[in-house]
Every structure is written in structure tokens, then in C-alpha cells.
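Colleague: Have a look at the structure that comes next, please.
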Amino acid sequence: MDGLGYVENVNTFNLVIYSFCKECKLLEALSVFYRMLKRGVWPNVVSFNMMIDGACKVGDMEFALELLGKMRVMSGGFVSPNDVTYNTVVNGFCKIGRLDLAERIRGEMVKSGVECNERTYGALVDAYGRGGRSDEALRLCDEMTSKGLAANTVVCNSVVYWLFMEGDVEGAMLVLSDMISKEVEVDRFTHAIVIRGLCRNGYVEEAVKFQRGIKLEEDVVGYNTLMHHFVTERKMRCAGDQILGSMLVRGLSVDAVSFGTLIDGYLKEGKVEKAVEVYDGMIKMKKLPNLVIYNSIVNGLSKLGLSNAAEAVVKAMESKDAVTYNTVLNESLKIGNVEEAVSVLSEMQKDDGEKLASLVTYNILINHLCKFGCCEKAKEVLKVMVERGVVPDSITYGTLITWFSKNRGGDEVVEMEKTARLKAETKERTLKMFLLSQKDVVYTEPLEIQAGSPVTVLYNPSNTVLNGKPEVWFRGSFNRWTHRLGPLPPQKMEAADDGSSHLKTSAKVPLDAYMMDFVFSEKEDGGMFDNKDGLDYHLPVVGGIAKEPPLHIVHIAVEMAPIAKVGGLGDVVTSLSRAVQELSHNVDIIFPKYDCIKYNFVKDLQFNRSYHWGGTEIKVWHGKVEGVSVYFLDPQNGLFQRGCVYGCADDAGRFGFFCHAALEFLLQGGFHPDILHCHDWSSAPVSWLFKDHYTHYGLIKTRVVFTIHNLEFGAGAIGKAMTFADKATTVSRTYAKEVAGNSVISPHLYKFHGIVNGIDPDIWDPYNDNFVPVPYTSENVLEGKRAAKEELQKRLGLKSADLPLVGIITRLTHQKGIHLIKHAIWRTLERNGQVVLLGSAPDPRIQNDFVNLANQLHSTHGDRARLVLTYDEPLSHLIYAGADFILVPSIFEPCGLTQLIAMRYGSVPVVRKTGGLYDTVFDVDHDKERAKAQVLEPNGFSFDGADAPGVDYALNRAISAWYDGREWFNSLCKTVMEQDWSWNRPALEYIELYHSARK
């Protein structure tokens, strides 16, 4: 503004804020608002009212409330909310059905000395009507009258409308009579409501009589309502000749809705000439068709076989949506025009593939391609579909399998369908186990909570902080405490009927619930609470009419598999993002554009934008990696053109610049994520840079989650991130306990959680593994593992014999217990087993030590021992499949993936009890109760000490079980393979954590 010669006063800023809020550009308005504060210009009540109105318009009520609460502070103590402020917030909550909060704001309004007016009551009356509570709406009308306020037209219209919707025709007409007697203006919307209500309830003749008696000159709405009714009833003569004729005779300005309704009706009856006649009349009267009307025309012409005419209309349309494209696609395919259909799909993807090309689109295309014998083309479409993150359903696979079964070459599709089905079954089973795993504390009857039905909550206080309390009170709500009806009244719990230590209470689940929320307290008015360490208890509700709004999570990271992976951090960033995205949330990753990225794994890479920050231009590219959206930042100062991820002397400076540039990209790009997730020391600066520079300047809703993958590096940065993050995690529950005493962790235990990592079931999948000779699942695990063992023995020159085989896949470092590995090798050979080790040591001395051991073993036990001291990805897959046991004797292990991959391939883990190994492996002899608490079966052998006797204790039991109880051992292989160690459960836990960060 300075450059244009404007004086920056509050009115100048307000004009700009108004223009942005009017266009629902809240983020742009917010940046101007904060610029005003930075320039020392105090906002006035108009500034706040416009910002609050903008927030309410886009449904961001959390921000609206925050502004309402900070008006006095942010204005230097000069501004207080007025009736406009309060009414805006009341109306905003009414629109989203949160009547409890709307009433609370009305209460605050009265307490502050601001009188409620017609606008306050109007919003509440309408909201109560929408909620099916007309009695409350009428009560408010009476309250208005008692306060000397006249119920205006808007208020009365709401009451009339909702009475009609409830079928109370008599009540609606009585309110209408009351309006007339009290000389409340009866406008065209009143007439439309009455006409629609009468038609809806079967009083069509009365509706027509009512319309004829209207004296308003411009009552187009009433006529359109009647016209819509007659078109729906297929009475086109009444709709066209009588209603449209009456409108023209009376000189009414017939609008686009009138024409669109008639055109749609005529096309449905096949009367194209009539439809064209109406369309021509519409153009002559200079009434431009909207998107809905165009789609109706395209659909009608297409169904009548007039594809050329439909195509001409599509070309004339300035904008198109999924309905437009799907109509053209379907009709093109019906007449066998495959090439046209494929070009339509390409155009959809070019315009906006993620929004326009839906599951319906792909199913239409695949179905018709198969019908026309283009089965290979259909398979290509299936692959594109999966790459773009559209999940095929039973219709997709069923169509392909049916058509391929009639020909040859359908094995690939059958395998894809089986893989998808197994994944879906596993996910469903994991969700059920996730619910049951809390049973020692809380569960419900029925276990699956149904919307619209009663539910009983059972709670065991003996396993919580409320143990021994004389009373326990249930406090609950729905939809993550945001349900329109507000929280349930506190309920005192009573003893369960089964004689257990559980207490019980019941609640009715609303139809629009998608989540049930609760905590427990020792008293009705509070006292000590059990709120699950700040996370609260949340259980999903099924069968409801509402869906949970998706979160928007942005990861800021410097590693990502498979494009730039150095360690496990890269796997987590990619796999966690995919898993959370598959649960219908929105995920983006911001990543440095290294010159060493493996670009063959990046799909649809294209230039996005550029911006300036930190004295340089930063170019932004966008692409998809493993189906996840990634923004690549390419600063033109060369910081990421070093040929490596780590290893530069200025790594701390490089990544600090990247973190700040990523936040600036979000701000300048108008992003407003719910969660920023940063990882390890390398993106730790995000947490404090965000709080210092961005939380007050445009990213006010966002919360920061920080994950520690490796505490060995960057303790200073990690400690600072722990201070500023809203929530922090590490990669297993036991490791979180093990590091709790660390000085950078201990002050922040209240927000520190352990969540076990998962593995990617698409990468580690014995049914679709090219490195395994026979694809297998738990159904044919013995056959698959037998073939893999034979292939492994053959490839490594081992004796082809039925012997217990122990696999070791590891980096050879002291952390991994190399002295225990050596002992285990000799112990296995003593028990007449075979042993295969794959791994290398970064320390040349350790590597040389194992080279010598390999030479010794290969000469003395060459038919039963093989040490491969290098990295070999294909061989690792074969070892996981061919081994009977996988040994992981780590001294410490934050999470560990080796034992999880082993179980995925049906190999039994033998591990030391530490970190994530303890959290995922349950000893068959000693951990039955611990496994049961997690709704799991015991799945391996474990030991405590870090010495030879400890290894012997676990390894001897494992090998003895193989020799002495083969049938039992085989069933154990099947059991471990059926357990889900993917990201399904960790993703659910992370989503709970994200929500708790936003509380």
C-alpha cells in the first residue's frame, strides 16, 4: 500500500479484509489482518466482525471463537464484541448444527450486556427446525414476543418450513395465518415454502389455489416450486402450458431455474424439440444456463442417442464437473467409441484427475473396455487407477475377472483381486483387534457401535488411575466432542451383570454420529479424571449419515523411500503417509529437491510455482510418490545440489533453511494444515520456527507433532523440538519408557507417546514377491516356505535337507548384539541346524572379524553355514521366506522391522526383550497373558540378558519345538503370518494422536 501512496489506517486495511472475506479467501484476509497488527494499526470492531464472518462462512468455527475470545487483547483493550459479532458466531454454529455452542454464545452475549435481537432468534429458530425440534423453535418465537421483539418474516418462514417437513400441515398454516394477522410480511419465499409444503404433503390442488391468490408481482419462486412438482410427477403439460404460461402472462421474469426444470422434464420424456424450444427461449431472454442445466441437457441428449449434439453442448460449456464427463464417457462407450472414451478420461485427469476421475468413472470405462474385448486396455486403466490412489472395489475386480475368465491371461487380475481382498480383510480384522485390545479397560456392547441404536459402555477402573474410587462417572459425547447436541449429562456407572470388575452405563447413539467419545471421573462435578493420558477414549460409529471430516497432515522431512532413503526414517514417512491417506485423510509431504533423487519413482512431476525467501528464489515442483502428494522445494542457492542427502559440513544449516522455506511455502501458498509432522533432528527446527514466526501469522489452527526415530544424533535440536511440539512420539512404547529418563525427554513425558512402526505390506508380500519361488499366503504357508528353503539352500550351496534354519539379517554393529550373533551361530550348528547371515559392518574391524569367521565356518561347516557379508535385497527376501527362525538379539532396538518382516513371511522371531522387539514379540511360554491383552496369540521366543545363557534359553526352546513338535510349530508359522504388523494399526494410533494435538 505504501508504494501506491495510501496511508495505512484501519479503514484502508478493512477495505482489503472485506474484499477477501467476501470471496471466502480467509487466509488472505488473515494475512492482511496480521499485517495490520505488525504495522501497529489497532483493528476495530468492524475488522474483527469481518474476520469472524469470514471464518464462519468457511465453517472454521474454531478460529471464529478464537478471534471472539481475543478481541480485547488484540485490539489493545479498546474493542468488545457487539450484537453483530455475537450474531455472526451464533449463526455460524447454527449452520453446522451445533446448537449447544450457539446457545452458549447467546448466554455469553446476554452476560456481557448485549441484547439478543431478531437476527439472534432467527438463526436459532431455523436451526431448531432443521434439527426436527419445532417445539423449541415455537418456544423461541414466544420468547421473542415476551421481550417485545416481533418474529420477522425470516423467523416465521423457518417455522412454517420445518412444520411442513414434519408433516404438520395444520400447524404450518396456523403460523401462516398468525403472520398475516400480525402483519408480518409474507414474501415470495413464504409462498414457495407453503406451495412446496402443500405439494409434499399431497395437497396439490390447495397449492395451486394458493398460488393463484398471490398478489406479489415477482413471485417466481412459488411458480418454480409448482413447476418442479409437476415435472417430478411427469405432468409436463401442467408444468409447461399452465405454470410457464401463467408466469409469462403475468409478466414475471422467468429465471434459469424455471427453464432448467422444464428442459430436464422434456428430455426425460424424449421430447427433444420441446426441450430445444425452451432452450432457445431461454437464450432469447438472455438467461444463461448454469452447470446443472448443461449437465441435464448433456445427459438427456446422450440417453436419446444424440451423442453429437451432446458433444457440441459439452464443448460450449465453460466449466465441467465429474457428472459432465461421466455422462459423455458412459454414452461414448455404449455406442462402442472406445478411443473417444479414453480421450475423455485423459481430459478429466488433465483438468483435475483427483476430483473428476472417481471410482465410478474408472468402473464405467473398465466395464465397457472388457465388453468390447479391450481387456489389456482395461488392465492398463486398472493400473492407472491404483497409481492415482483410487481404490478398486468388488465391481472393478469382478468385471475384470469375469471377462478374463472367458479368455486366457487373467491370472494377473485374479492375483490383484486376491491381494486387495486380503488387504481389506486384514484391515477389518485389525480394526476389530484395535477395539478389543482396550477390553481390559473399556469396551462396548455391541462391539461395533451402530448409529441410531443404544450402546452399553463397560469400564474397568481397576486398571486405571480411578482404581479404588467409590464412584465412577461417565462423561461422553460424539464426533470428537463436536456433536450438535453437545455433551451427554454425566452418568454414574453401576456394576456390570457378569460379576466382573467392570462398571457399565448406556447411551443412545445419534444417527449423525461417526465417533463416540468419553472420559471417566471420580465425581459428578469432576475430581480425578481418566482421559487415557490426554488422548480421551474414542470409538468409531458405523451406519451413520455423517462422515468424519478428513484431517490435512503435512510431513516436512528430509528422507523418503524409495526416492531418497538413507535409513528407517524414509520408510516411515512414506508408509505412514500412505496408511493415513488410505483412511480418507489428506496428506502432503514437503521435501528437498535433491539432485540425487530417484526420479523414476516420481509420477506426474511438474513445475508448480516459485516464491522468494531467504534471499533466493525457491522453485516448487509437485509429483506423486507411492500415491502420496509431494511438493519438492528447489532453492536456487544450490543447497541441495550436493549429490547426497547427508554428509555435508553445513547439514544443520541446509536443513534449517529447508524447514523455514517449507513453512514459508505453506504460508505463501495459502495452505492451512491441521497437523505439521516433523522428524528427527533434521526437521526438528519446524517446531520452534513455526511457533516463533508462523502460529500468529496465518497458520493459527495448525499443531505440530514431532517424532524421534534416532536419539543418537542431534540431541540439542531434539530437546528444543520436544519443548515446542504439541505432541511427540517415538517408535515403540517400550523404547519410550527406556528413554524417559533422558534429559531432553524427561521434562515432556506428559505429551510423549510410543507408537510402534509398521511395515509396508505391498513391499513385503510373499504372495506377490518376485524373489520367492512359490507365492504363498497363510493358507499355503508350508508349501511356500518349503520351496523357499530349498531354493535358498541351493543358491547358497547348503545341504538340501530338512533341518531347522536360522536366518540373521542385520547391520553388524555393537547395537545389534554381534557377540550374541556369533554365539547363536555356533549354538545352532551344535543343535544340527543350518544358519544363514546376511549383513555388513560399517566398521572395517568388525567386517574383517566376520570375514575371518565366514572363512572358518565355510571350511568346517560349509554344508550348514553361510555368511554373506554384503547388501543383497533379493537374497533378504528369500531368507525371510526360507528360514524357520529369524534371530534379532539387539542390545537396544527403538522399533525394529526385521522381526515384523519375518512374521509377514511366516518365520518365527527369536529376539532379545528390548524396545520394539518386546512390544511386538510375545514369548510362547511366558507372554500368553500379555499377548491376550493385545488380542494376539504368542508369536515367538525371547530372552532377557545380553549374554550367552540368555540366547541359549530362547534358541534352544525354538529349535526343540521344531524337532519335537513339528505340527505345533507349523501352526505357529501360520499364526505369525496372519498377524497384522503393517501400518494399519499405527495409522489409527497416529490419527488419534493428531486429534488429541488439536484439542
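Note that Cβ sites are derived from N, Cα and C of the backbone, with glycine treated the same way.
Here's the feature list from TrEMBL:
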{"type": "REPEAT", "residues": "9-43", "note": "repeat 'PPR'"}
{"type": "REPEAT", "residues": "44-74", "note": "repeat 'PPR'"}
{"type": "REPEAT", "residues": "82-116", "note": "repeat 'PPR'"}
{"type": "REPEAT", "residues": "117-151", "note": "repeat 'PPR'"}
{"type": "REPEAT", "residues": "255-289", "note": "repeat 'PPR'"}
{"type": "REPEAT", "residues": "321-355", "note": "repeat 'PPR'"}
{"type": "REPEAT", "residues": "358-392", "note": "repeat 'PPR'"}
{"type": "DOMAIN", "residues": "452-542", "note": "domain 'Carbohydrate binding module family 25'"}
Colleague: Near the repeat 'PPR' (44-74), which residues from the same chain, at least 6 beyond its ends, have a CB less than 8 A from one of its CBs?
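Modeller: The answer is 10, 13-14, 17-18, 20-21, 24, 26, 29-30, 33, 36-37, 80-82, 84-85, 88-89, 91-93, 95-96, 98, 101, 105, 700-701.
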Colleague: Below 8 angstroms Cβ to Cβ, which residues of this chain, lying six or more residues outside the repeat 'PPR' (117-151), approach it?
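Modeller: 83, 86-87, 90-91, 94-95, 97, 99, 102-103, 106, 109, 158-159, 161-163, 165-166, 168, 171, 182, 184, 484.
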Colleague: What counts of helix, strand and coil residues does DSSP assign across the repeat 'PPR' (117-151)?
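Modeller: Result for the repeat 'PPR' (117-151), in helix, strand, coil order: 26 helix, 0 strand, 9 coil.
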Colleague: Average pLDDT across the domain 'Carbohydrate binding module family 25' (452-542)?
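Modeller: Result for the domain 'Carbohydrate binding module family 25' (452-542): average pLDDT 91.
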